[in-house]
Amino acid sequence: MSSTPIPNGSAEAPLQLSTLPPVVGINFGNSYASIAVFTKEGLAECIANEDGERQIACAVAFHGEEMYIGNQAKQQLVKNAKNTITGFRNLLGKKFSEIPQSENTTSAPVIQHPDQPDTPAYKVQVLQPAPTPLPTSAFTTPAASHAPTPRSEPVLVDRILTVSEVASIFLKSLVQSASDFLGKPIQGAVISVPPTFTPTQKSALEQAATDAGVTVLQLLDEVSAAAATTTTPIWGLEPDRTQLVVDFGSSSVSLAILSIREGLAYVLGQSSTPTIGANQIDDKLIKFFAADFTKKTKIPLNVCPAKDVTDQRAEAKLRLAIEHTKRTISASPGAATCSVESLKDGMDYTGSINRMRFDMLGSPIYATVASEISSLLSTTGLDAHDVDEVVYVGGTGCLPGLDDRLGIEVGLREAVETPFARGTVVGGGLGDPTTIIARGCAIQAALINGLGSDGEEGELRQALTGVGAEVKATTRTLGLLFPNGLEENKELGGTWVPIVQKETALPVRRVVSFEVGLSEQSKRIAFEVWEVKEGIRIEKVAPPKSSDPEDADDDDDEPEEEEVKHRTLAKERLLAVVDTQAKLAIQTKGKGRDAGKWFTHVQVQFVVDIEGALDVELKEVGEGGVVEKLRVSSL
Amino acid sequence: MQVQVLSITTPPVPASYKSPNVPSGSRISDPHPSGHRTLLPVGPAYLTHLRLSLHHKHSFSSLDKHLAAERERLAALHGDDTNGEDDLGVGDEEETQELLSLDPKEWKKQDHYAVLGLSHLRYKATAAQIKIAHRKKVLKHHPDKKAGSTSTSTAHNSLYLAGVNQNTNDDAFFKCIQKAHEVLTNPEKRRQFDSVDPVFLDFEEDMPNATEFKNKNLDFFKTLTPAFELYARFSKKQPVPGLGHIDSTKEEVEGFYDFWYNFDSWRSFEWLDKEINEGSDSRDDKRYTEKKNKSERARRKKEDIAKLRNLVDMTLSFDPRIKRIKQQEKEAREAKKRGVTPGAPAKKTKQQEEEEKKKAELEAKQKEEAEQAARAEAKKQKTAAANAAKKARRQQRAAEEAAAGT
């Protein structure tokens, strides 16, 4: 130890305050947006804005001199609807003539811009702040002037805002929230776009973001953003799976079937239905509560559509109130209440809805979604049984009735992985449908941010932010077959270890490690490399007879046979055989069931190159282990 | 390179299995052509794919090389990033899930070295190393560091609920760290713990015994050298002589056995004492437990000494050098008997033997010659005798004839 004391710290601030990437992921929906950044735990997390909202309503309202953004703006829909702008994202990049002129009276109407041709715009009334009073002269006498004395109160003026300007204002506030959270300026953002966005709309969004002072790293479509989240290791599922993404938006439902292979994902089938959405569930819910209100107070209330002004206001009030109701019913198993003060004619309303009734209301919409999924599966050539995982995106995906309903109606496997089955929805968990896209955008933003801008890295960066690469993909599953005569392996005559799944992008390298059991005498490792065909076997099983005699009396008809599906494998082609001797066999110690049995650790590597040639390498883990290599060429 | 670890054990191949012939020209099914699928441009895996296709011509080996070079470059760049502080080789050990979920109440059973990340050093760790290791762990696991956040190291489970601090038992591992530090920095407690070091106990169980040694035909030096090295730690006298090698001199071998037969061990077994029930007021109770503990300690110590003694006995009985030394001694004794200086007996004897041989040969020759001569003499004598007899008979006959003729 040196004799001079080492200072225990210094007053100077450290050079680097934080190493968090200065980037933000933005989920820019039509009705709600959310932002995510990397937190100091090294995870992308959805953050709240200054109002404490993680789901930020896409609304901008003007009231007097004030401008409200987000959920505060949404509140303005009741009393100040004409100065409140909502639903502007979907209008980005569209011409005025392209926008259907619907009777959207709940918020500021879309009008033709007075100066720019064929441009949609909003007209809002704002109070312009009063001009600063004229400088008073040093003399006590007023300046001699013929001009009228300027008004000291703010003036009411009309302000014309283009859609792009509104989007700019909104995005700016989002980025501001993120930069406040991180404590440093945001240098880049990845923004999600729906799969239906046209290139014009995308460039309009990019322009709006640039106007807001945000560098757009990439516009990521929502499916890709969801995939970015679900392919991270902390998602914690098998690296190879077929995933169904259900994006339940307020105005449309987008479905996608993805093949995820160790982080690489591509779309097997995709569909988007603009006719169904959560708005319909909202309408039903509003109608339900309105009917309940009428029943309780004998005051007629006609909503969806509302004709009367008082009815319209009541509907707006209900629409705000049911947001809370929906969140409550998603989060808790019990009933959810809906309370509105002075709903109509000065009468307050408090009502509740239980989960069963709620499911009943949603059921026609759920059924439509289910049939959409079924039709997408059939056009993709997949069976419902092939789906390994369902991922929900969007706030409506939180509704628990949806998951059960889809599972039954589409005929998904019992063991299908859903965020509900894994319990990761509640409490802002990993599978929370409202944050998946924003988090995916943040992950992608950090990835892009980590790349340099020139040379090889620059090329990569450009390729990464561009459109996805076109690839070749395998058609059949490759794997190892360890021959044995066990009863459970009768189908293939051995233990099957799949290595490269079908629909894997080429080139691919897979390394798996496992233990190989050895017989005591020979220490022989032998396996075959097979290509297999996967299928579905449908078995008809009679349901167990009900023992209750009364029950049997009730329904006389024959008990229907239930269809039970099994995944099957059929050997297609034998590609190679490995037969060798283990050199590092180990005997299991202890007194367990497997004591005294011999085994060895092996690592098997499969490389399928771009031409379809397969390299298999068997390696015993450890020094001096046996190594076997063989190649199945493509020609 | 990502390795997917499957938790399966395939059953052994039946002896009757014969590997089938692979049909010639067998290859995998044609892949979907390019353009059939478009990857979603997200994630690190896609970046790897881009690297492969843009810069490495789809070759994994080329990519591996590139990435390794890149890593080296970065390591060189950040090499002096440790603020120039030397951690004395403490390093960073991986913290397994098992380790992190230790119960501080069971501190007596925990592996203190593993808790501080010193399992590669164990009893060899110096006080300075223990201090550094403790500081490192505290920086990582102090409850203040974890407040209000889920730590990245506490399992994936907690990550599912990002932002929710579900780990209510957050400072459990920190308590374990403090306990480990307390034990390892107190020389007496550390000595007690080292005496019953769980890793050492495992080794001790694997120690070969005499029958095994005989049956399995184990290599003498390879098996026993590490065994003695293990026990060496307990010696009050350091350094400890090792087992040596096959050509060790007599002095070395004798020194070795001398040392190990008089092995002075600091090993003790207080660590395994039963807790004295502090709550109980009964002095008898306490005394009883104390007494028991004491006898137990003594028993264990005795066992330990006996075990070591057995090991040394066994070593002695199998030692190939002992045989050699005995043989040499015997020869030396014999040589002494013959009056040859015992200094360098081997060469001399050879010469002597040769001389003796020569001598013997010479003698034999002489003897033979003498015998031959003797035989010849005897023959002569015999013939002479016969001649004499004949002569005598002839004279007699002549005398008889003369007598008759007269």
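A Cβ is built for glycine as well, from the same backbone N, Cα and C atoms used for every other residue.
Note: TrEMBL annotation is automatic and uncurated.
Within its own chain, the compositional bias 'Polar residues' (B:1-10) has Cβ neighbours under 8 Å at 64, counting only residues six or more beyond its boundaries. Under the heading compositional bias 'Polar residues', TrEMBL lists B:1-10 (among others).
The compositional bias 'Polar residues' annotation in TrEMBL covers B:18-27 (among others). Secondary structure of the compositional bias 'Polar residues' (B:18-27) per DSSP (helix as H, G, I; strand as E, B; remaining residues coil): 0 helix, 0 strand, 10 coil.
Marked as compositional bias 'Acidic residues' by TrEMBL: B:82-96.
TrEMBL lists B:350-380 with the feature compositional bias 'Basic and acidic residues'.
Annotated domain 'J' per TrEMBL: B:111-197, in sequence order. For the domain 'J' (B:111-197), the model's pLDDT averages out at 75.
If you look up TrEMBL, you'll see B:1-34 (among others) marked as region 'Disordered'.
The region 'Disordered' feature in TrEMBL is assigned to B:77-96 (among others).
Sorting the region 'Disordered' (B:278-302) by DSSP state (H, G, I as helix; E, B as strand; all else coil) yields 20 helix, 0 strand, 5 coil. The region 'Disordered' annotation in TrEMBL covers B:278-302 (among others).
If you look up TrEMBL, you'll see B:328-406 (among others) marked as region 'Disordered'.
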Tertiary contacts of the region 'Disordered' (B:278-302) (same chain, 6+ residues out, Cβ under 8 Å): 267-270, 272
Tell me the residue counts in helix, strand and coil for the compositional bias 'Basic and acidic residues' (B:350-380), as DSSP assigns them. 31 helix, 0 strand, 0 coil
Kindly report the helix/strand/coil residue split of the compositional bias 'Polar residues' (B:1-10) according to DSSP, in that order. 0 helix, 8 strand, 2 coil
